[in-house]
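**Q** Just lifted these from Swiss-Prot, have a look:
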BINDING   39, 67, 68, 87, 88, 89, 177, 181, 206, 207, 208, 209, 221  NADP(+) binding site
ACT_SITE  181  active site, proton donor
């Protein structure tokens, strides 16, 4: 642990979520002082406390009620912090009776307010945002580029999902999510090019995050990762959608994702957009792994033809010295183990019968 880490104050928005709760645990283990924001529910409070308990951390985390649909509520949590992790994502727009016309509009407005609050704090050195790699589709945009159908040769940080391009299994609901994440990330990155930025902004478009959780239930993305084994058709349909959108299935273990966030915090200086995914397999690579691991199970398989999985042009985080601990197989295997522990998968059915394993 850095001897000065206890003097560093960090704000984590969305501290009750999948990534937020795990990040809080990691920060406490390193001795940082953490402010966590959450919505005003008892369930969120219990989730936010789960990370420190499971991680063995004894520190008490100050919890601040805040809502992205009322971004001014984040000011008390940001006050006095040197680093701010933007992990929270707006949702439930219709139910919230929001003044905004869309989730994307709400997300951009929230980003602007939070950036202003960070400036007014006079203490914030860096804002680090958990973006989504779904905003970086390498689909070719015929209108903009004059090229044909299909994918670019590589996926890179210069890619932005062309929302005018159709693809197999496209979802109007997911389009809203992509648009909100895309617009808010672009708004954040534009801050670096301002006249006199008061701090640095980093965005990490994450792959499908899986592997483990400190929550008491399996997060949605982990459910997607194990869907070929669980045979949950809706979750598996999402995997197929990602394959169509991205040309591959970018994966990252939650522990690696949080280590990457910490890496970006602890560097002397860093700004810009950096992908965070340890592997870019195809959906067939994933189902083949599960079929090999569990030969006695009827693993769901995609019927769509897939060419070569689109790979990243460069590993920008890797060039800075970051290394992933978990590859594709470790991510998938630990996801299955976690889902079984939490009851989302029947652990008894996962055991390979002797008659099969001895062949």
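Glycine is no exception: its Cβ is also placed from the backbone N, Cα and C atoms.
I'm curious about the neighbourhood of these features; can you describe it?
**A** Annotation for residue 88 (NADP(+) binding site): spatial neighbours 13, 14, 17, 20, 37, 66, 68, criterion Cβ-Cβ under 8 Å with sequence separation of six or more. DSSP classifies residue 88 (NADP(+) binding site) as coil under the three-state reduction.
Neighbour density for residue 181 (active site, proton donor): within 10 A of its CB lie 25 other CB atoms from the protein chains shown. Following the DSSP three-state reduction, the secondary structure of residue 181 (active site, proton donor) is helix.
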**Q** I need the CA-to-CA distance for residue 206 (NADP(+) binding site) versus residue 181 (active site, proton donor), whole Å please.
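**A** Their Cα atoms are separated by 11 Å.
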**Q** Are there any residues at least 6 positions away along the chain from residue 177 (NADP(+) binding site) with a Cβ closer than 8 Å to its Cβ? List them or say none.
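**A** Listed in sequence order: 103, 132, 134.
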**Q** Quick check for the class: what is the C-alpha distance, in angstrom and rounded, between residue 39 (NADP(+) binding site) and residue 181 (active site, proton donor)?
**A** 19
**Q** Could you round the CA separation between residue 181 (active site, proton donor) and residue 208 (NADP(+) binding site) to a whole angstrom and send it over?
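**A** Each residue's Cα considered, residue 181 (active site, proton donor) and residue 208 (NADP(+) binding site) end up 14 Å apart.
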**Q** Looking only at 39, 67, 68, 87, 88, 89, 177, 181, 206, 207, 208, 209, 221, the residues listed as binding NADP(+), what is the longest Cα to Cα distance in Å?
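**A** Largest pairwise Cα separation, rounded: 25 Å.
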